[in-house]
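Asker: The structure under discussion is supplied below as structure tokens; questions concerning it will follow.
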Amino acid sequence: MAAPPARARADYDYLIKLLLIGDSGVGKSCLLLRFSDGSFTTSFITTIGIDFKIRTIELDGKRIKLQIWDTAGQERFRTITTAYYRGAMGILLVYDVTDESSFNNIRNWIRNIEQHASDSVNKILVGNKADMDESKRAVPKSKGQALADEYGMKFFETSAKTNLNVEEVFFSIAKDIKQRLADTDARAEPQTIKINQSDQGAGTSQATQKSACCGT
């Protein structure tokens, strides 16, 4: 028997799948842990494949269940992560403000997204480790903003360590996705239900493959 549409569940109004994408070491797992559990650690080992966490938030009187997938950033895992673009409603592109190569690789990640993700997927650019001393900064905030503007994305600098803008990033992309889904509901309800059935199914199958390891 097919699973009910995501919005038919009693404990939430919307189920939103998010991906954290970016090079290894930029702090994706730290951002995920800070947002989902309110904690921070530097003792991660490298993520093997994909792991995810869930947090339910409230926006405009609606309960939004966020299913947030943490992807490995290494090149050799990119074939694994491409399968998880399917069904993703939002993608957080993360770089390390002290590592210029991780910033330059954002364009490669965007190309990867354009090849494998839905055309309507929401994207947001995140410059992490903004708590680091300015002498260690390799990517000026203005450069991050310029790249975000080029691709029509919102932009935040964050720190998982100090909790700078972590809540704001996830709430911002969730709000934009909720609005997009609500607009779709208003135009064609059957189409929206179909999208959510697919997303729910994707989340179920992927959950069985998640790794117990975490990192970056």
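Start at 1 and count along the chain as shown; that gives each residue its number.
The backbone N, Cα and C atoms fix where each Cβ goes, and this holds for glycine too.
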Asker: May I ask you to indicate which of 44-52, 80-88, 170-178 is given in Swiss-Prot as motif 'Effector region'?
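Answerer: The range carrying the motif 'Effector region' annotation in Swiss-Prot is 44-52.
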Asker: Can you give me the average pLDDT across the motif 'Effector region' (44-52), rounded to a whole number?
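Answerer: Looking only at the motif 'Effector region' (44-52), pLDDT averages out to 64.
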Asker: Can you tell which of the binding-site residues (G22, G25) has the fewest other C-beta atoms within 10 angstroms of its C-beta?
Answerer: G25
Asker: Give the number of CB atoms, excluding that of A160 (GTP binding site) itself, located within 10 Å of its CB.
Answerer: 25
Asker: Where does K28 (GTP binding site) sit by DSSP, helix, strand or coil?
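Answerer: Assignment for K28 (GTP binding site) reads helix.
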